[in-house]
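To start, the structure itself, in structure tokens.
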Amino acid sequence: MSVIDAIKARNSIPFLTDEDIPREMITEILDAAVCTPVHYCTDPWRFLVIRGEGRHRFGDFMAERMKKTLPDPDCPDNAAFLDKIRKKPLRAPVIIAVGAAKPDTPKALHMEDVASANVACQNILLAAGELGLGGIWRTGGLTYGEDTVAFLGFEADTRLVGFIYLGYPKRDLPPKERKTAESFTRYME
């Protein structure tokens, strides 16, 4: 398959089996992830692979974080909701937290390194697809919390860009209908 065909065929796959992914395969995927453009060669990418029991610890953190946002956190009616939040990391055997460290180079802009980390997420999904895996890039409020950065053990100035849930697909999804770039493109000639 050509690179263009692989990009066009990529699909978010949220329905994954529990089958573990070999560490060597994760390493191969992350080696592809860091093959992104990055200004000033700052190597900003930061990854945390969450698997096994780590997913349960992450789920506990997610539930406790969510509980703090509830108007009446100790209300018994919240128990089922918080349990659902707690189980979210169990939707995949592997979750990769992806972030961008703040550059040490004075001329480098952090937003450029964040952009490179976003491209690394795309590379993770493309490499995973090539290896027969499925995945989905998840973001949201959890991604942008300083407490999340600290819980995951990243440097305080790291910006998280998302969580890639990876696993073997439970089923094939039909190709996604996509718009062509024409409706988003202008030319200055």
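Cβ from N, Cα, C; glycine included.
If you look up TrEMBL, you'll see 7-168 marked as domain 'Nitroreductase'.
A coil conformation is recorded for Thr139 (FMN binding site) in the three-state DSSP classification, outside any helix or strand. Sequence-distant contacts (6 or more apart, same chain, Cβ under 8 Å) of Thr139 (FMN binding site) comprise Val161, Gly162, Phe163. Taken from TrEMBL, the feature FMN binding site applies to Arg10, Asn11, Ser12, His39, Trp137, Arg138, Thr139.
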Spatial neighbours of Asn11 (FMN binding site) that are distant in sequence (at least 6 apart) but have CB under 8 A: Gly134, Leu173, Pro175, Lys176
Number of other Cβ atoms within 10 Å of the Cβ of Trp137 (FMN binding site) across all protein chains: 17
Spatial neighbours, same chain, of His39 (FMN binding site) - Cβ under 8 Å, 6+ residues apart: Ala108, Leu109, Glu112, Asp113, Ser116
